[in-house]
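Novice: Structure below; questions to follow.
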Amino acid sequence: MSQWHHVGGHWGQDRVFSGYSSAKKKGGNHIPERWKDYLPVGQRMPGTRFIAFKVPLKKSFEKHLAPEECFSPLDLFNKIQEQNEELGLIIDLTYTRRYYKPEELPENFPYLKIYTVGHQVPDDDTIFKFKNAVNGFLRENKDNDRLIGVHCTHGVNRTGYLICRYLIDVEGMRPDDAIELFSRCRGHCLERQNYIDDLRNGPIRKNWDSSVSRTRGFEDSTHMMEPVFTATKPVNRRPKHNIHQTQGYPEPRHFHTWTQDLQQSERKFSQNWNIYQRCHVPPPGPPGEDYFQRRYSWNVKPSAGQGGPNKRFSPGSYYRVPYSAYYRWTK
């Protein structure tokens, strides 16, 4: 059986990625159910680095869509650039690989896949992976203002839950404030009552790996994530690995070096940490409306400095990741 191994020695043969191997393969290019009902991209959540969006679809899906319905990885970057924002990381929570490939993102762009089962509250391991990824990104990008883009299929339920879970557990935000902020900025409200109930009434999740001591939590937790980059060499020159040989796990990509940084840090999670500055959040939508109504949405107004229609993203103009990346594949 083929597995990943971290070059620095923190990946072993007993380390197995969780989640995807039990997923059923879904072939074809059928549009995800209700995908058209949702806005492609929300707005940045004020006081945070988060922006949520629905899953972009690769070009082969476009034959099933009207031109105005298309939303590709390239469209994603254009829409975020139109908000005068810059994306620095994508966290993909979908439980499949069929919607788009990391190779369709700009060269060397940081991309992290966390297979997250839909409809049910994410387990503690998934929550911990997400927190680790966000913390690592913030630590390495404290001198810039790049955003963390998070998506599931619709960019609402799994996405909203994990973003809110982070804001509640790490930033000390009140659950209703976190839910309200996400809903207003996404343009759609959290729909699943089990997610809402857990955010409001569920326990605060630990910010370290429950299977190890706190002082070694970050060091031993890197196996729980799957950081990958788009390939830096042409796609047709990459070695091919059969999905059955890899038991459904993603093909090897480049490791993000923030895993090394994670191994040496133990962060104090504080309610008054300055990533989120508490402020009044106006109700999301028209007065008197119940914003927990299923799939209720309202118009998202563009940012004041929104760029013009001629301001378009081109892969060659995007920034390069200022650190090395590497991987090793063993059998």
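The backbone N, Cα and C atoms fix where each Cβ goes, and this holds for glycine too.
A quick note: this is a predicted structure, and the numbers were derived from the prediction, not measured.
According to Swiss-Prot, the record shows the following:
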type     : residues                           : note
DOMAIN   : 61-208                             : domain 'Tyrosine-protein phosphatase'
ACT_SITE : C152                               : active site, phosphocysteine intermediate
BINDING  : T153, H154, G155, V156, N157, R158 : substrate binding site
ACT_SITE : R158                               : active site, proton donor/acceptor
Novice: Report the DSSP secondary-structure composition of the domain 'Tyrosine-protein phosphatase' (61-208) as helix, strand and coil residue counts.
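Specialist: So the counts come to 71 helix, 16 strand, 61 coil.
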Novice: Of H154, R158, the binding-site residues given in the record, which has the fewest other CB atoms within 10 A of its CB?
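Specialist: Output over binding-site residues H154, R158: least Cβ neighbours within 10 Å is H154.
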Novice: If you draw a 10 Å sphere on the Cβ of N157 (substrate binding site), how many other Cβ atoms land inside?
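Specialist: So the number of other Cβ atoms within 10 Å of N157 (substrate binding site) is 22.
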Novice: Let me spell it out: for each of the recorded positions (C152, T153), count the other Cβ atoms within 10 Å of that residue's Cβ, using every protein chain shown. Which one has the most?
Specialist: C152
Novice: By a simple count, how many Cβ atoms lie within 10 Å of the Cβ of V156 (substrate binding site), its own Cβ left out?
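Specialist: 29, counting other Cβ atoms within 10 Å of V156 (substrate binding site).
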Novice: Rounded to an integer, what is the Cα-Cα distance in Å between C152 (active site, phosphocysteine intermediate) and R158 (substrate binding site)?
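Specialist: About 6 Å separate the Cα atoms of these two residues.
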